[in-house]
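Engineer: Take this structure, written in structure tokens, and hold onto it; I'll ask about it next.
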Amino acid sequence: MLRSIAKKFKVSAEKYIPDAFIFAIILTLITYLMGIIIAGKGPFELVGFWYNGFWNFLAFSMQMAVILLTGFALATSPPVQRLIKKVASMPKGPNSAIVITVLFSAAGAWVNWGFGLVLGSIFAREIAKRVKGVDYPILVAAAYSGFIAGLPASLSITAPLLVNTPGHFLEDAVGLIPLQATIFSPVLLGTAIVTTILVAWAYRNMIPTKKEEIRVLDVSTIEESAPALEPAVGEITIANKLENSAILNYIIVAGGFSWIIYHFATNGFDLNLNFVNFFFLFLGLALHKTPKSYISAFQKGAGAAGPIILQFPFYAGIQGIMASSGLIVIISGWFVSISTGTTLPFWSYVSACIVNFFVPSAGGQWIVQGPIMVEAAKTLSVAPSAMVNSVTLGDVTTNLIQPFWALPALGIAKLGIKDIWGYCLVAMIIMFVVGSAFVLIF
């Protein structure tokens, strides 16, 4: 049954789902019309809101690009490539291949979302090379869904790290919210574990069985992920020696890790976005051994960051319209008005699922929804951490069908959103049911 549902929506996606950039343009137009019809703002006034917000995500988009590229570089480092090949040799058939792909991707997401996103796609590719008769699109979909399933408990998830960072914009209202109340809470950790298990089961039951439905990997279209480890043959120059110098590499790595050790010694397991980026940058540099290898990894991953750089300003513009016109307040207010202290986390979750289509960024979404949800929580005597968790879950859940974050994974896999959308929709339904249960119970 699950296979037929996924197939039906996959066909629909092939007909109706455009490129993600087209989606950003359409969402901009929809938001603009909502600003006129619902918020009652003037047409040119909304253009001003759009422009004023257009560049608001520059720093944040750089942080996201760095997370993605450091994750890519880490995932393509020689030790991780060896791990991928070792684990990819374990499954002997399509069923075990799908389950292991989901679990491996979820584990990668827990470590770092950029790492998990890239790791899953590379792992799916490696599995497709080794396991005969396995459908490549469902492997990639399983990798992305496993990544999303594990994401609520990721050590790099944005909103929980943001509210645990001194000086964050809501510190006067909520103080610093410890990770024990967010990432390690039953809501986020429990949802991640249960969703991962159920998604693995669901994908096992969606595997295409008819030979004509199975698309195997065309190895000729796939470029190896691991950067070259040896310098190109040619004249030995000072530049070549410096670029391939392990000594120079480890001197700077030692400097980076001296601060990392100091941070953990003085602050404990206290994480924020900049520190997470710093940690994974120097970890990747250490695992690549030479500056040249790390440069090569970044260059290969740069293409995956392209859609972020192109589309983030448009989503920032959408956010500018929604925030300045009052649409965020209006939409979230609809949900808050029908809530009680018990149901507010659930309705916050639902509203976050919807808003995520317009602002597909956990940090950006928390910036515009956070003040509203915190005020509502204060009114209804709900813990602020519950709002962080609900908004985080909403952002993560609809990322399964909002194509923005699937782009880097699809770029690595050389597939389109149409190839995985039907499968991911089934995974999203599972995650929504599990997430709803956890926010209502806990």
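Any Cβ shown, glycine's included, is placed from N, Cα and C.
Fair warning: this is a prediction, and the values are worked out from it, not measured in the lab.
Below are the features I grabbed from TrEMBL:
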TRANSMEM  20-42  transmembrane segment
TRANSMEM  54-77  transmembrane segment
TRANSMEM  97-124  transmembrane segment
TRANSMEM  136-163  transmembrane segment
TRANSMEM  183-203  transmembrane segment
TRANSMEM  247-265  transmembrane segment
TRANSMEM  308-334  transmembrane segment
TRANSMEM  346-368  transmembrane segment
TRANSMEM  420-441  transmembrane segment
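Help me picture these features in the structure, burial and contacts included.
Structural biologist: Listed by sequence, the residues of this chain that lie at least six past the ends of the transmembrane segment (97-124) yet keep a Cβ under 8 A from its Cβ atoms are 67-72, 74-76, 80, 84, 87-88, 90-91, 131, 134, 136, 138-140, 142-151, 153-157, 192, 196, 199-200, 203-204, 207, 225, 276, 280, 301, 304, 405, 408-410, 412-413.
Within the chain, the transmembrane segment (136-163) has long-range Cβ neighbours (under 8 A, six or more residues past its boundaries) at 67, 97-98, 101-114, 116-117, 120-121, 123-124, 127-128, 170, 174, 176-177, 179, 182-184, 187-189, 191-193, 195-196, 199-200, 203, 206-208, 215-217, 271-273, 276, 361-363, 365-366, 370, 384, 388-389, 391-393, 395-397, 399-400, 406, 409-410, 413, 415, 419-420, 423-424, 427, 431, 435.
Below 8 angstroms of C-beta separation, residues 2, 98-99, 102-103, 106, 110, 138, 141-142, 145-146, 149-155, 157, 160, 345, 385-386, 389-390, 392-393, 423, 426-427, 430-431, 434-435, 438-439, 442 of the same chain, each at least six residues beyond the ends of the transmembrane segment (183-203), sit close to that stretch.
Beyond the ends of the transmembrane segment (308-334), by six or more residues, the same chain brings 20-21, 24-25, 27-28, 31-32, 34-35, 38-39, 41, 46, 49-57, 60-61, 64-65, 68, 348, 351, 354-355, 358-361, 364, 367-369, 372-373, 376, 404, 407-408 to within a C-beta distance below 8 angstroms of the stretch.
For the transmembrane segment (346-368), the residues of the chain that approach it from at least six positions outside its boundaries are 27, 31, 57, 60, 64, 157-159, 162-163, 169, 273, 312, 315-316, 318-319, 322-323, 328, 331-332, 334-336, 338-339, 376, 386-388, 390-399, 402, 404-405, 432, 435-436, 439-440, judged by C-beta separation under 8 angstroms.
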Engineer: So what's near the transmembrane segment (54-77) in sequence-distant terms, Cβ-Cβ under 8 Å and 6+ beyond its ends?
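Structural biologist: Residues 84, 108, 112-119, 122, 156, 225-227, 273-274, 276-277, 280-281, 283-284, 287-288, 294, 297-298, 300-302, 304-305, 308-309, 312-317, 319-320, 361, 363-364, 408 contact the transmembrane segment (54-77) from elsewhere in the chain.
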Engineer: Apart from its near flanks, which chain residues at least 6 from the ends of the transmembrane segment (20-42) lie with a Cβ under 8 angstroms of it?
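Structural biologist: Sequence-remote neighbours of the transmembrane segment (20-42) are 49-50, 307, 310-311, 314-315, 317-318, 321-322, 325-327, 330, 357-358, 403-404, 406-407, 417.
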Engineer: Mind checking which residues of the chain, 6+ beyond the ends of the transmembrane segment (247-265), have their Cβ under 8 Å from one of its Cβ atoms?
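Structural biologist: Same-chain contacts beyond the ends: 275, 278-279, 281-282, 285-286, 288-291, 294.
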